[in-house]
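Visitor: Handing you a structure now.
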Amino acid sequence: MPSGSRPYGGATSRFNSLSTTTSISSLPGMVAGQERMPLVNQDDVEAGQTQYGSSPSLRPASGIETPKDTSSRNSTLAKRVRYYVPSTAWIPNYSVSLLGGDILAGVTLAAMLIPQSVSYGTALAKLSPATGLFAAAIPPIMYSFLGTSRQLNVAPEAALSLLVGQAVSDYRRGAHRFSPEDADAIGIAVSTAITFQVGLFASMLGFFRLGFLDVVLSRALLRGFVTAVAVVIAVEQLIPMFGLVALENKLNPESTLDKIIFLLEFMWTDYHKPTMLVSFGALLVLIFMRTFKGYFRYTWWIYRLPEVLIVVVLSTIISGSLRWDEDGIAILGSVPIKSNDHFFSFPLKQSLRYVRGTTSTAVLITIMGFLDSTVAAKQNADRFGYAISPNRELVALGAANLLGSFVPGTLPAFGSIVRSKINGDVGARTQLASLVAAGITLLATFFLLPYLYFLPRCVLASIICLFVISLFGEVPHDLVYYWRIGAWSDLAMMSLTFALSVIWNIEIGIVVSLIISLLLVIKRSSQTRMIILGRIPDTDKWGPIADNPGAEDVPGILIVRIRESLDFANTAQLKERLRRLELYGPERTHPSEEPRRQPASTLVFHMADVETCDASAVQIFHELLATYQKRGVGLFVTHLRSGPREMFERAGIEELLGSEAFFDTLGDAMTSIGQR
């Protein structure tokens with residue numbers, strides 16, 4: 001047996017005995033191991049670039065693979081893992097030079113998150129402070145490993161916490177005969193059910209690659225929603241700031257409008273003076289410190305002062321020293337960390353009965369949370385020069401909330417534009433900053449809460465009002481902008497969302513506005529974009545009549561250029577659109593007006609922009625052409641691409657019109673029409 005030749009089924013060097021020049025007559029010699037010319041290059045085989053024929057004698061033995069085959073597969077698997085689990089890419093390659101910025105950003109975030117999360121958990125979600133703190137500590141851990149944004153910080157949001165609080169209040173209102181302990185248990189179960197569904201919905205949206213949904217909601221709709229949320233939150237917090245919580249529980253105003261009337265009626269006569277002084281005093285201090293910091297943007301140790309944390313610490317110390325609770329000021333009190341025998345619990349164990357009633361709230365929170373997170377992630381990606389994937393962001397946010405739902409009562413958590421911007425400004429370059437913030441927040445949850453026993457609850461309301469002020473910040477700019485450019489439909493959408501959210505509730509406001517927004521998108525997509533072409537004077541060129549006032553309209557001939565691909569949606573109104581163009585031209589005219597043009601005797605379709613055409617569109621187009629043909633109208637088609645042309649042939653359109661009706665250019669068609 002020649003050197004280098006081995007029986008079939010041996011080592012991988014057996015492939016050296018195959019040759020691209022091997023003839024059929026040499027196959028017996030190959031099998032015997034006598035063929036010495038290689039059929040394929042060994043490197044190609046090892047790289048997996050070779051395909052084998054159907055003959056069993058030419059295939060490698062089952063189960064045999066080359067080292068490079070395995071290496072290539074492992075490399076592909078590693079790429080996929082790095083793609084779907086971004087932390088496997090940045091953790092092994094982490095640079096120590098980034099550590100200082102990430103730690104500083106994490107500490108800064110924690111100083112902001114701890115008092116903010118306590119406020120959201122108590123004042124907005126109507127739950128324990130621990131629920132807000134857990135939402136700022138547990139979900140970010142999961143997102144840090146799966147998220148594609150390096151600066152996005154995941155934590156509870158004011159608007160989303162408010163939606164949870166409204167759902168909790170609705171269920172407690174129906175269970176008013178139960179004890180406070182039962183009311184707390186109901187609140188935790190409702191919050192857990194919502195967070196679990198939010199995680200499930202977000203994961204499903206990402207799995208089915210629906211990350212494009214952020215294009216459906218217009219900025220006007222979002223601005224109306226955010227403004228309404230700011231008003232609702234402000235009204236909710238003014239009640240404890242005036243010390244009217246007990247009276248509110250007695251009269252039980254339901255909608256935001258009812259609470260506004262309640263405030264206007266009782267805030268001047270039934271306010272609690274010590275509570276009001278502490279509340280508005282804390283708010284003024286917060287506003288002053290934030291304004292003061294604005295003058296020292298380039299003095300980092302002043303600009304990074306955590307004014308919220310400072311106010312919380314000072315108010316707690318003063319409250320404990322002066323015993324404000326004895327003066328009737330409500331304080332935080334003792335906060336239980338665990339709601340049952342186990343820290344972790346299966347989400348649906350106690351919450352299954354609340355799932356159906358909270359699904360609409362969970363869907364709304366998922367959509368709004370994803371939109372806010374996507375905007376924040378895209379802003380940071382553009383700023384720091386990397387790419388994000390909306391679909392993987394959905395999966396990461398879904399997984400983060402699913403993990404959070406295993407800690408009973410945890411609020412839904414999403415990204416924030418403000419927090420993420422601060423995170424990047426301070427120095428965060430990886431998700432280690434969020435891990436540091438989550439770790440500090442988790443430690444604070446177990447060891448710091450007892451020290452906040454004397455924290456006045458009205459101070460938490462003041463903290464939330466400080467963030468509400470920032471929500472109002474862009475409203476004047478947007479109003480002036482929409483007014484200046486005459487965007488009346490956007491102004492109407494913004495006003496409608498705001499009014500419905502305030503008068504009824506936030507869910508109705510956003511759902512109705514979302515439906516209207518979708519209907520507008522469908523309406524616009526169902527109108528086929530078409531223009532009338534005319535001859536430009538002293539040339540052989542053709543252009544849109546609407547854009548070229550001197551363009552000559554050929555009498556009796558209507559030349560229509562279809563500016564987009566045809567599908568079932570935009571072809572349904574094609575006949576009506578053509579009729580209006582034929583009788584009224586490109587100008588917008590009321591149907592009651594007299595026709596401005598004579599009915600066309602010849603109709604030419606310029607279809608250079610039609611790249612695709614689905615079956616429904618072709619069928620409708622065929623019926624349309626048959627109708628015109630019965631009227632005796634001459635029909636011609638120009639610039640038809642190969643794909644639509646094949647569809648026309650199969651549908652019988654070419655047979656209907658005849659091959660002589662199809663031309664490569666508009667000039668050829670007009671020459672032929674002139675000759676006829």
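Note that Cβ sites are derived from N, Cα and C of the backbone, with glycine treated the same way.
Taken from TrEMBL, the feature compositional bias 'Polar residues' applies to 48-57. Residues or ranges marked as domain 'STAS' in TrEMBL: 547-673. TrEMBL lists 1-20, 45-75 with the feature region 'Disordered'. Per TrEMBL, the feature transmembrane segment maps to 185-208, 220-247, 271-289, 301-322, 354-373, 394-418, 430-449, 454-473, 493-522.
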Visitor: Do the transmembrane segment (354-373) and the transmembrane segment (454-473) come close, with at least three CB pairs under 8 A (pairs 6 or more apart in sequence)?
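Guide: Checked: the transmembrane segment (354-373) vs the transmembrane segment (454-473), no contact.
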Visitor: Taking helix as H, G and I and strand as E and B in DSSP, count the residues of the domain 'STAS' (547-673) in helix, strand and coil.
Guide: 57 helix, 21 strand, 49 coil
Visitor: Mean pLDDT over the domain 'STAS' (547-673): what is the value?
Guide: 88
Visitor: May I ask which of the stretches 185-208, 220-247, 301-322, 454-473, 493-522 has the most CB pairs under 8 A with the transmembrane segment (394-418)?
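Guide: So the stretch in question is 185-208.
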Visitor: Determine which residues of the chain contact the transmembrane segment (185-208) at the Cβ level, with the cut-off under 8 Å and only residues 6 or more beyond its ends counted.
Guide: 125-128, 131, 135, 164, 167-168, 171-172, 175, 178, 339, 347-348, 350-355, 358-359, 361-363, 365-366, 369-370, 391-405, 408-412
Visitor: Please indicate, using numbers and ranges, the residues of the same chain that are 6 or more beyond the transmembrane segment (271-289) and have a C-beta under 8 Å from a C-beta there.
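Guide: Residues 240-244, 305, 307-308, 310-311, 315, 324, 327-330, 456, 458-459, 461-463, 465-466, 469.
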Visitor: Report, as numbers and ranges, every residue of the chain located at least six residues beyond the transmembrane segment (220-247) whose Cβ falls under 8 Å of a Cβ in that stretch; write 'none' if there are none.
Guide: 123-124, 158-159, 162, 165, 256, 259-260, 262-263, 266-267, 270-276, 279-280, 283, 328-330, 368, 371, 457-458, 461-462, 464-465, 468, 471-472, 474-475, 478, 482, 487, 490-491, 493-498, 501-502, 506, 509-510, 513-514, 517
